[in-house]
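Only one structure is covered here, and it is reproduced in the block below.
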Amino acid sequence: MKPNMACLKQVSALLLPLLFISFFKPSHAGGISVYWGQNGNEGSLADACNTGNYKYVNIAFLFTFGGGQTPQLNLAGHCNPSINNCNVFSDQIKECQSKDIKVLLSLGGASGSYSLTSADDATQVANYIWNNFLGGQSSSRPLGDAILDGVDFDIESGTGEHWDDLARALKGFNSQLLLTAAPQCPIPDAHLDTAIKTGLFDIVWVQFYNNPPCQYSSGNTNDLISSWNQWTSSQAKQLFLGVPASTAAAGSGFIPADVLTSQVLPTIKGSSKYGGVMLWDRFNDGQSGYSGAIIGSV
């Protein structure tokens, strides 16, 4: 019997997409997050967004708050909040957002003066953040009328108490508000463990640096990847690999770009929670060109 060529062509056309699905796994394409604000020589916020390398920019830091303290923004040499000249960044925030870049307010940092003394204190801080940086209203918004996309918890001092209360209070204003956290890689994190366990954080960008037991060191990726695998079982909805953008950006844990793209990313991208790479920080990235070197592999 002679085969019907028209039917064979139709069957082939139907099977081809199935073959592609069978032989090619879906790609976990990710993005790059960066911290901006702690070096006056790193360029403007708009400069960072105009590189086209970043999907998230964390404005660092709201470094004083809680315990009855007057909240203070610290943007190093960029502006002086005490004379209300940081609102110059309002239009730049909107420009970044127009490029589909999420802009967040980062809380804390390594040297800030912050703490939460009670659940009520957390609620008061949440009210301040909502009214001054997010969708609420205040006559003294430090960054002008721009509405940020979310809040990042970079809590590196004090206790781990009441950060979960702060997360709940912020999500209570808007369930779509983006919440992110930047814990250290040792598990459990000394400050954010309870907060992360709420499951309220959309992204957790873990700091895999300045922590020798769980970072890259001298050609050894085993400790780093082992720690990553442990983090995938956390309540984080999405995980980013946090790394220094240059050797000068951190005391230890720098991963050469070629090692990251050839040895680390191919392994961790197999995780369904993989979201991308977080860089500390914009200044060091500008000096090293790290994001440009890795973006094609992230």
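Heads up, the Cβ atoms here are built off N, Cα and C, so glycines get one too.
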Cross-link partner of C49 (disulfide, per Swiss-Prot) out of C96, C185, C214:
C96
Are there any residues at least 6 positions away along the chain from C79 (disulfide bond) with a Cβ closer than 8 Å to its Cβ? List them or say none.
N85, C86, V88, F89
